[in-house]
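A.B. asks: Here it is, the structure in full.
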C-alpha cells in the first residue's frame, strides 16, 4: 500500500502551529490530501491535542517571544509521544528567529526540516544569501542539505528548482518545480503540511519526505499547465490536483 493510500485509509490528524498569513492554505492542503488539519494557539490544550495527533508541524513564520512556551511545550510533547515533528524554519537566519530555533533545538529533536536553500544553509552553518523567505541562490547545494541533516539528525527537504531530500547519508531529488510556487505565498507552508501528512502514516520518514515532495511537485506542475499565465488561479487548481490524485488511489 502506498503512503497516499494509507493517508486515505487512516485520515491522519495533523496538529499545526501555523503562522497567521497562510493557515487556510495549510488546512486546505492537509484536507485535500486526505488528512484532518487542526490548529492551536493555546498552551493549556497542548497535551490533549498532541495525544490525538498523528504528526505535528510547526512554522515560525510569524513568531513572537510570547509564542516560545507554546512551541516548546508542543514540540517536547511530540517527542515524548513519538509523533513525527516537522519544522518549517521561515527566514531562520534572521537573528530573532535563529535564536528562537536554537533554543528549541537545545530541548527537542525535529524529525523533518523543510526549507529553501538559504534556510537549510543556516542549519549547516554555511553562508547563503537570502531575500525574505525566497533564496537567491539557484545552484543545487546538495552538501548543505547533507550537512544540515548530519548536524540536526533530521531528514532535510531543501526546496528549489530541484528539491533535495537528505538523511545525512543519501540524497534523493525531485525535479518538478513550478514558477507559480514562488509567486503564490504559502506554497512552502503547504508543502510542510503535506510532508507532515505523509510522515503521519509512515515509519520511514526519509521515504515519506521524498514521496510528499514528489507528490506536491507533480500536482503543482499539472496545475500550472492548466492555468497558463494566470497565477491567481493557481492555488485552487493546485488543490484540485491534490484531491484528484487522492481519488485515483481510493
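For all residues, glycine too, the Cβ spot is worked out from N, Cα and C.
Annotation comment: Swiss-Prot describes 39, 186 as substrate binding site, evidence class sequence analysis. Taken from Swiss-Prot, the feature ATP binding site applies to 114, 159, supported by sequence analysis.
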A.B. asks: For the binding-site residues listed here (39, 159, 186), which one has the lowest count of neighbouring CB atoms within 10 Å of its own CB?
C.D. replies: 39
A.B. asks: Around residue 114 (ATP binding site), how many other C-beta atoms are within 10 angstroms of its C-beta?
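C.D. replies: Taking every protein chain into account, the count is 32.
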A.B. asks: Under DSSP, is residue 186 (substrate binding site) helix, strand or coil?
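C.D. replies: The three-state answer is coil.
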A.B. asks: Cα-Cα, whole number of Å: residue 186 (substrate binding site) versus residue 114 (ATP binding site)?
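C.D. replies: Cα-Cα, rounded: 13 Å.
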A.B. asks: Quick check for the class: what is the C-alpha distance, in angstrom and rounded, between residue 159 (ATP binding site) and residue 39 (substrate binding site)?
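C.D. replies: Residue 159 (ATP binding site) and residue 39 (substrate binding site) have their Cα atoms 24 Å apart.
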